[in-house]
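Undergrad: Below is the structure I would like to discuss, written out as structure tokens.
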């Protein structure tokens, strides 16, 4: 029997809405301790609380928050030691990098300020990004051996993600800085059990298969409590709850776990981990398309807001459910906490269902399915249920002369990659953060066969040139066109952009662009594929590890040295230190030199660099396999939402 949306909706409602709601479903992984902080006052439902003595308010984005400034003092000290450890293993011929770091340790502003950005792209981005972070993490077995890059993560000040990359960050941080190894190990007892899609629900680890109806009942129960408390709900609520069951190690998907609670984690407070940043886009009232001048929002443990001139302001993350007006809380309003549910924040950064609705005609689906989905999604769009709704709008009445959101009671937010900036550069190129180098992990599906072709990094460069002034003082290195990316192999191998800082007027970070490429498996799986067996999951993570290390430096024995040179480059400029000859050779090898080749290339179909991993029952090159998975997701989740 084949269900069309209306039939499936009736079926779902009939089977998932009994008179009483049953007990919760545990989701515990044997090797990942439950260490995050479930500090929401009333589970998933936001609730009023007493305000602190100084009431929260919108602040200008003219500088970093005082909290971030104080945190940076701790983190930069930790990264100095981590970089010294890194360079004790990664050598630069003719240059003592450790002595250089020690000699400038009295002024951390002289030292490298490193950031890592993990792109969107669903589970593909999560797994490929996980492989890179696993390679960069000195806690990973053998990652500090010759040819490896372990310690780069510990050397980073900032770590940004959006969509699938945001899921990766959320799963790591909400589970108290768990390693990728911890998240994936344990087979059937691992936290990352992607062999059961979020449509089915998690495996409870004892009976083998959890009851799917019970799983949906629990999600409906929590979301209904939020709605009963007077807050808007949308598809992002059910999406975020479903993601939480798979990514957060807590019973019922951790409904009380918040994004702001990361700031209360002891590892974060002591500066032992990078500063996590999630990115999402604002959708202007009355619009459906997300353009290059869309307002870009960031979620960090302390604040939510934007550096863009439209709003240029931030509010405390833990209080985003409060009824701010013109930047302050009225005297008769209490504070509200709990709106920043960790799953809802991760879901916000990946709320791409409205994007799917806009591209139905390009999908290889039966006409009856397209028509039914279009009607279904259109009915939701009329009520703005296809996006994440932040109501009350924390920026209501704020920046009235410039903000498209100042006059609306609800702030509509969507997937951070919908403006084509699928790599979350935006929070890292803000002048106030003084980032020197960004290691950009690009898992985008730009080409016909779902490999990157530079679209994301090009979009950020184009935004920096936007005549509307939306870039607001940010600077970005020159980037070539898509065809040049493919013709010159810039999407096939790591490439440095912005090597010569004299080519830009304002300080600009060096970009180390690391595109998804096939090493041991075809990792070009669909953004909309929701299910992977453990073998394929581990193969894609291993592939990402090889992408980041260039096959443990077997493709280029100097790759670790060149990574080190990229880290040091801007710092050497600031201290007027001569660039080592070894680094000059690296820059000659990896820097884009401005050459263009814009002729139309053949279909980009890269071959494996190494011996292919045996995927057993997993399919190879699943770049087109996710369409019906997303159809099922949309139909099922929206049916539930319309209760």
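For all residues, glycine too, the Cβ spot is worked out from N, Cα and C.
OK, Swiss-Prot features for this one:
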type: SIGNAL; residues: 1-22; note: signal peptide
type: DOMAIN; residues: 50-597; note: domain 'PLA2c'
type: CARBOHYD; residues: 142; note: N-linked glycosylation site
type: CARBOHYD; residues: 176; note: N-linked glycosylation site
type: CARBOHYD; residues: 195; note: N-linked glycosylation site
type: CARBOHYD; residues: 293; note: N-linked glycosylation site
type: CARBOHYD; residues: 466; note: N-linked glycosylation site
type: CARBOHYD; residues: 472; note: N-linked glycosylation site
type: CARBOHYD; residues: 482; note: N-linked glycosylation site
type: CARBOHYD; residues: 503; note: N-linked glycosylation site
type: CARBOHYD; residues: 524; note: N-linked glycosylation site
type: CARBOHYD; residues: 533; note: N-linked glycosylation site
type: CARBOHYD; residues: 552; note: N-linked glycosylation site
type: CARBOHYD; residues: 597; note: N-linked glycosylation site
Undergrad: Within 10 Å of its Cβ, which one of these glycosylation sites (142, 195, 552) has the largest number of other Cβ atoms?
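TA: Of the glycosylation sites 142, 195, 552, the most buried by Cβ count within 10 Å is 552.
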Undergrad: Can you grab the distance from residue 597 (N-linked glycosylation site) over to residue 472 (N-linked glycosylation site)? Cα atoms, rounded to a whole Å.
TA: 31
Undergrad: Since the record lists 176, 472, 597 as glycosylation sites, which of them has the fewest other Cβ atoms within 10 Å of its Cβ?
TA: 597
Undergrad: Quick one: of the glycosylation sites 176, 195, 482, 552, which has its CA closest to the CA of residue 533 (N-linked glycosylation site)?
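TA: Of the glycosylation sites 176, 195, 482, 552, 195 has its Cα closest to that of residue 533 (N-linked glycosylation site).
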Undergrad: Using C-alpha positions only, work out which of the glycosylation sites 176, 466, 503, 524 is nearest to residue 472 (N-linked glycosylation site).
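TA: Closest by Cα distance to residue 472 (N-linked glycosylation site) among the glycosylation sites 176, 466, 503, 524: 466.
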Undergrad: Would you mind ranking the glycosylation sites 293, 503, 524, 533 by how many other Cβ atoms sit within 10 Å of each Cβ and giving me the lowest?
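TA: Output over glycosylation sites 293, 503, 524, 533: least Cβ neighbours within 10 Å is 503.
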Undergrad: Looking at the glycosylation sites 466, 482, which one has the fewest other Cβ atoms within 10 Å of its own Cβ?
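TA: Fewest other Cβ atoms within 10 Å, among the glycosylation sites 466, 482, is found for 466.
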Undergrad: If I take the Cα of residue 142 (N-linked glycosylation site) as reference, which of the glycosylation sites 293, 524, 552 has the closest Cα?
TA: 552
